[in-house]
Amino acid sequence: MSSGGLLLLLGLLTLWEVLTPVSSKDHPKFCELPADTGSCKGNVPRFYYNADHHQCLKFIYGGCGGNANNFKTIEECKSTCAA
C-alpha cells in the first residue's frame with residue numbers, strides 16, 4: 001500500500017474513533033457542565049443535563065452567555081446527553 005493510502009486509512013480510523021462512542025453512556029463533555037443562567041437578565045425556560053442525577057432538568061436562562069449545556073427542549077437534551 002502506498003504512503004498516501006496509509007495516511008488516508010489512518011485518518012479514517014482516527015475519525016471513526018472520535019465519532020464512535022465507546023458505550024451508550026458516553027456523551028459530550030459539555031453535558032458534565034453545571035446549569036449556567038448566563039450574564040443577562042432574561043427569563044427563558046431551558047433544559048440542562050444534570051450529570052449527578054443522570055437526567056435533563058429545567059432551568060431559567062438569562063438569554064446570553066452561559067455554556068453549551070443549554071437546550072431549548074427536553075428532547076434535544078435527552079438525545080444529546082442522556083442517550
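Including glycine, each Cβ sits where the backbone N, Cα and C put it.
Taken from Swiss-Prot, the feature signal peptide covers 1-24.
Annotation source Swiss-Prot lists disulfide bond at C31-C81 (among others), citing sequence analysis. Residue environment of C31 (disulfide bond) contains 18 other Cβ atoms, counted within 10 Å of its Cβ in all protein chains.
DSSP places the residues of the domain 'BPTI/Kunitz inhibitor' (31-81) in helix, strand and coil in these numbers: 10 helix, 15 strand, 26 coil. Taken from Swiss-Prot, the feature domain 'BPTI/Kunitz inhibitor' applies to 31-81.
Taking a C-beta cut-off of under 8 Å and a sequence gap of six or more, C64 (disulfide bond) has these contacts in its own chain: G38, S39, C40, G42. Swiss-Prot lists C40-C64 (among others) with the feature disulfide bond.
Annotated disulfide bond per Swiss-Prot: C56-C77 (among others), in sequence order.
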Between C77 (disulfide bond) and C31 (disulfide bond), how many Å separate their Cα atoms?
9
Cα-to-Cα gap, C81 (disulfide bond) vs C56 (disulfide bond), nearest whole Å:
8
When neighbour density is defined as the number of other C-beta atoms within 10 angstroms of a residue's C-beta, which of the disulfide-bonded residues C40, C56, C77, C81 has the lowest density?
C40
Quick check for the class: what is the C-alpha distance, in angstrom and rounded, between C31 (disulfide bond) and C56 (disulfide bond)?
10
